[in-house]
């Protein structure tokens, strides 16, 4: 193509011209295949609420790391010089997510929206992506609907879904002898979805679900729910609570004496920030399914070290997922030579990927679910912890094909 | 039978948090006429302070039960002097809005400083584990919480009814004009009473620390139930707040056991019934509704 210096000069000229023309003129010389001569990656997530630590501002930093790595890798050969990363707070509310997404695509010039935790908010953004024909790479929302009944051409689910969580934990714990289950779940879409997924997985593995108990959301008193769940003497109590509610459940479970009666606790969705905030001793021995762990191998660890230099903390799988999604998006743009969404989607579809986050990853063309290896993890005992955030031991790797539902089972038609 | 007893103790333990915090809320309302919406935030601050003291100074629960209420008392005094006192002469709505705003500020500050996923707290060994009472196995900490808060409530009641200070406070609550006419400086008691109410909320927070998730948002839901408690007990009624606190705890526990979907709604159904049958609350005086 052209040399970097000319490119940069021309893009500066373009900027001046654009200013002069009040943004009316089309991009002239450099980066002609990019709207307004630049690429805009918009991170839309929870910047202040319950999912702030799990993803939040540090996911924006992870995306910036991906941009830096892309620029370092391609240098002069990069098809676009100016890459902007923006950050927007959706407060986990679907209505705010909906209007912010529309605004980002329409006026913010966003080429791609990233992250978006909270299933209902993510579904709203997926709708906007479809409407504006722009790319949406979801990392932090778990609903299977994103790549199921409500899938669309521009939406991808990058890190995990409820099937992966239920299949990993439900199946493995049942096969390891936890035949009889009681499930307590927060009584809203996510909890109900998780309970259905778990019940299916447990039955398939030869176990029984003795009962399911809905709980208010949010809630801080689970003592009696737990006593009631324990009254049928199950092998396992499965909790589908997340975040602060999960911490309430675990604290009160440990107090209840159910453990001494031989009843284990299985956790539906757990992030490393939950272990960190409650303390490793309270969770010791708990099994759960993880999409990625910062200390699972040398490559992950090296990236986690860089992440710590940037943020002062260790990454969750959602942080790593955002890095991966941004990086692979940039690679696809590089290949396509344009930010045109249809061209970029074409490059992403069916791509097989191995990066710091995705192992044996594949962007399924049929439903845009990104399948990859998942991990069954166990929380370490306090005596096994060797450094800060050293909380997980990977028990088994669940191969990509088993970790996610088969493509044939998907009811998505793009 | 065994299960029923277990549910009852769990309900009384949960009720202990409500009773202690509602007691503070009732005292503040009684003397200042302030509906303190920030009470949930003060409860949260109590728990967060205990967690920070444990983390930085290795201060165990026992000491926190003493130190945190003292700190919270000081904080309450500062809040009253700096903010609340200026609005006391105006419509109560102003202080309601002020304390609501204060809640938002405190919650955001804690989020900024300590994040959103919460702080760890370890229970002292002496309080962990279970006790076997004639075949009924109960978590030791739940029993402790119940007995401790009953003791505090009795103590407050004794101070209120048997000491000079208590009589002055009650006189200031019930007949401020008359109390003034008798030469009692009612205004002097406003600040310490506010501080005392805040300290009780903080104390409930410390008790909750080993048992509940310690997050900036932990007081939000709590505050809503707390207002139901105070309405059920009768606004400004000290005995009412305590009785209603334990009652709501029991309703919550048995609701969870026998009608899980309705566990939280039941509390508000109870509140609605009380308002219908006894608008002033279980122990409220008729004037309180005026």
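Placed from the backbone N, Cα and C atoms, the Cβ positions cover glycine too.
Residues 42-43, 84, 88, 92, 95-96, 99, 142-143, 145-146, 148-150, 152-153, 156, 169, 172-173, 189-190, 193-194, 196-201, 203-204, 207-208, 211, 222, 225-226, 229-230, 233, 235-238, 240-242, 244-250, 252-253 of the same chain, all 6+ positions outside the transmembrane segment (B:12-35), place their C-beta atoms under 8 angstroms from a C-beta of that stretch. Residues or ranges marked as transmembrane segment in TrEMBL: B:12-35 (among others).
What TrEMBL lists as transmembrane segment is B:66-87 (among others).
Annotation source TrEMBL lists transmembrane segment at B:93-110 (among others).
Residues or ranges marked as transmembrane segment by TrEMBL: B:143-160 (among others). A Cβ distance under 8 Å defines the sequence-distant neighbours of the transmembrane segment (B:143-160), meaning residues of its chain 6+ beyond its ends; these are 9, 12-13, 15-17, 19-20, 23, 65, 127, 131, 166, 169-170, 200, 203-204, 207, 211, 238-239, 242.
Marked as transmembrane segment by TrEMBL: B:189-211 (among others).
Residues or ranges marked as transmembrane segment by TrEMBL: B:223-251 (among others). Panel annotation: around the transmembrane segment (B:223-251), residues 8, 11-23, 25-27, 29-30, 37, 39-41, 43, 103, 153, 156-157, 160, 173, 264, 266-268, 270-271, 274-275, 280-285, 288 of the same chain, lying at least six beyond its termini, place a Cβ under 8 Å from a Cβ of the stretch.
Marked as transmembrane segment by TrEMBL: B:257-277 (among others).
Panel annotation: around the transmembrane segment (B:93-110), residues 32, 34-41, 44-45, 48, 79, 83-84, 87, 216-217, 219-220, 223 of the same chain, lying at least six beyond its termini, place a Cβ under 8 Å from a Cβ of the stretch.
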